[in-house]
Amino acid sequence: MNKNSSNIMALAPNTSNKRETVCIFGTGDFGRALGHKLIQSGYPVVFGSRSTQTSSLIPKDAEVLSHAEAAQKAAIIIIAIQRQHYNFLTPLAEILHGKVLVDISNNLKINQYPESNAEYLAQLVPGAKVVKAFNTVSAWALQSGTLDASRQVFVCGDDMEAKQMVMDIVRALGLTPLDQGSLLAAQEIENYPLQLFPMWKFPILLSLGLIAFFFFYCLIRDVIYPYVYENKDYSFFIAISIANRICPILALILLALVYLPGVLAAIIQLYRGTKYRRFPDWLDKWMLCRKQLGLVALAFASLHVLYTLVIPIRSFVRWRISSHIISQVLNNKTEPLDTTNAWLSDSYLALGILGFFLFVLLGITSLPSVSNNVNWREFRFVQSKLGYLTLVLCTAHTMVYGGKWFLSPSSYRWYLPSAYMLSLIIPCTVLVVKFVLVFPCLDKPLTQIRQGWERNPQYSE
């Protein structure tokens, strides 16, 4: 009977509203913000500071004492001080023995020191139980209450009980603790806030490289060539015309690059006859940043739409239209409507509108707030099936726009084809290979491989 009662007591949640006192060393921005949030969550808070004078910045319900006095009042002490000021903790080693020290510090650059700040703290106070936490949450988010973007709190430490106590505090603050293991993970956790868009590096650098290439390519064909051979100054094309060529070109190429690694992965799996061997590192990294590639492509597609909308108000376009009208008046001749060109123009615009609509839909479904509310099959349908449809529509939009100029000698200036022709190489390659992979003779074995079948099981290790 007693045994059962003790089990029930162990499993029952703690319904007491009384929370243990938390000590915070440091009265800076983060220390004050965290103290205010702890008080709101029902924790008694005591600050340990060099100056025991109260300030209007300190939460009014908090007590300010010396470091030694404050440490004696709490089992959990949050160190809201930079690493270079940790030396004051050494004389407090006896008082801090057995206490839980929560290191929340960050550095100015990745791997600034040989060991993490949390490991350094554990060396200074060997008798304390050091836990790393809260370094990925900003003081501004704590003060303003906008914690949605930084709700996850990475926690690591060698003492399981101490780590659990810290994670209970994290949950009480309305945040989500993520156990990262032992204190050896502290350096990786400290590097998280210092990473500048790690998954965006490749898409952005690739985009900048493509922008530079196509800018100079279009500059040579559309500005320098007419100036050399026709003595015409079209340098004003740089502001709108060239920009409006580069944006759709990059949008189409980057969209194709989103689906190219999946095609390459399928070819590799068919060749190897197994899914249990790792892809090359470059392909792994490429596949991990497909979402970022797609969002950058969507940004360029949106710019293309905006540039296209301002075309009617350009001085060059208005001058060309008025000159054409005056020419018809002087010749007393009205050119009849070319229904073939009208069909091509409307088809080109319709394909562009539909392609951009699906492009935006892909971007919306990639948002965490949307993707978290759909199941895997729905997400895959949108990102794969509708994604390929988007690529087909955007490729067709480009081909209808300039298909009639493919075989025209005048479109090759200095033997250089128009830039849009170059933009079709990767999308057409992806679509052709994907079309081949859909054939049952390839699709069936590929499906079997992805379900675990192996051609040569002895090579699966």
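Backbone N, Cα and C atoms are what each Cβ position is placed from, and that goes for glycine too.
Feature list (source: TrEMBL):
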DOMAIN    21-107  domain 'Pyrroline-5-carboxylate reductase catalytic N-terminal'
TRANSMEM  204-229  transmembrane segment
TRANSMEM  249-271  transmembrane segment
DOMAIN    249-394  domain 'Ferric oxidoreductase'
TRANSMEM  292-313  transmembrane segment
TRANSMEM  347-365  transmembrane segment
TRANSMEM  386-407  transmembrane segment
TRANSMEM  419-442  transmembrane segment
Restricting to the same chain and to residues at least six past its boundaries, which positions have a Cβ under 8 Å from a Cβ of the transmembrane segment (204-229)?
197, 235, 237-238, 241-242, 245-246, 249-250, 253-254, 257, 293, 296, 300, 413-414, 416, 418-419, 422
Go ahead and report the DSSP secondary structure tallies for the domain 'Ferric oxidoreductase' (249-394): helix first, then strand, then coil.
122 helix, 0 strand, 24 coil
Could you give me three numbers for the domain 'Pyrroline-5-carboxylate reductase catalytic N-terminal' (21-107), the DSSP helix, strand and coil residue counts?
32 helix, 19 strand, 36 coil
Taking the domain 'Ferric oxidoreductase' (249-394) alone, what is its mean pLDDT?
89
